[in-house]
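**Student:** Sharing the record's features from Swiss-Prot:
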type     : residues                                               : note
BINDING  : Gly113, Ile133, Gly134, Asp135, Tyr136, Val137, Leu138 : S-adenosyl-L-methionine binding site
COMPBIAS : 234-248                                                : compositional bias 'Basic and acidic residues'
REGION   : 226-248                                                : region 'Disordered'
Amino acid sequence: MTWRATVLTLFPEMFPGPLGVSLAGRALASGLWGLEARDIRDSATDRHRSVDDTPAGGGPGMVLRADVLAAAIDAVDAAADRPRLVMSPRGRPLTQARVAELAAGPGPLIVCGRFEGIDQRVIDARGLEEVSIGDYVLSGGEIAAMALIDACVRLLPGVMGKLESSTDESFSAGLLEYPQYTRPQTFEGRPIPEVLLSGDHGKVAAWRLGEAEALTRARRPDLWAARPAQTIRAKGESQKTPKNKTDG
């Protein structure tokens, strides 16, 4: 079954947008994944195609109505057999581990909010998982949805040209990615580190690991704090590996 993302939005014309070019775009054109953008207004019941109303209790802005959004969700995912997400700054932070889980499934239904937000009752009634891509606020969920979809698509079979390209990137091993270099060998007096030109794969791997660890310690202490537990588990598992028995 082809991985497929369905997006509920007030602006379906925003899609595929950046997802239609480069790596994701080529994969989309090749049928390695699918995308459907549905207009929430199609589920409105009045002649004005109204989808929002004023906040209960007062306050600025407008709120997406639960009845309209529920109808939109039910129209495309009545069986509720895949993840249902809503992009929200108050949601759980999106991690590479969660991206891998989503990429391994059938593809999510993603709700993109606008205005002041979404009626909480539809979030509860339809089991929407609130997901955040960062501690900041966007005008709507569409750009956040594109980021999530792009992160998933690059993990799908056949999308990346080389398997190691995805497994060596930031977060795939709990570390930020090491620095990358290419020609020219010297740029404005700054040379490529000699070890990368040595041809010694062991030394190159050790250098890259050291750089990744140093960057993670300095820039993401939260990731580094979780690293020792992963290392201890890995060592424990290696110690449990049975030794080869000799005949006789």
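Yeah, the Cβs are placed from backbone N, Cα and C, and that goes for glycine too.
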**Student:** Look at each of the binding-site residues, Gly113, Gly134, and point out the one with the fewest other Cβ atoms around it within 10 Å.
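**Tutor:** Selected from the binding-site residues Gly113, Gly134 on minimum Cβ neighbours within 10 Å: Gly134.
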**Student:** Taking the Cβ of Asp135 (S-adenosyl-L-methionine binding site) as the reference point, list residues of the same chain whose Cβ is under 8 angstroms away and which are at least six residues distant in sequence.
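**Tutor:** Non-local contacts for Asp135 (S-adenosyl-L-methionine binding site): Pro89.
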**Student:** Among the binding-site residues Ile133, Leu138, which residue has its Cβ surrounded by the fewest other Cβ atoms within 10 Å?
**Tutor:** Leu138
**Student:** Same chain only, sequence gap of 6 or more: which residues have a CB within under 8 Å of the CB of Tyr136 (S-adenosyl-L-methionine binding site)?
**Tutor:** Pro89
**Student:** Rounded to a whole number, what is the top Cα to Cα distance in Å among the residues the record ties to S-adenosyl-L-methionine, namely Gly113, Ile133, Gly134, Asp135, Tyr136, Val137, Leu138?
**Tutor:** 16
**Student:** Including all protein chains displayed, how many Cβ atoms other than that of Val137 (S-adenosyl-L-methionine binding site) lie within 10 Å of its Cβ?
**Tutor:** 8
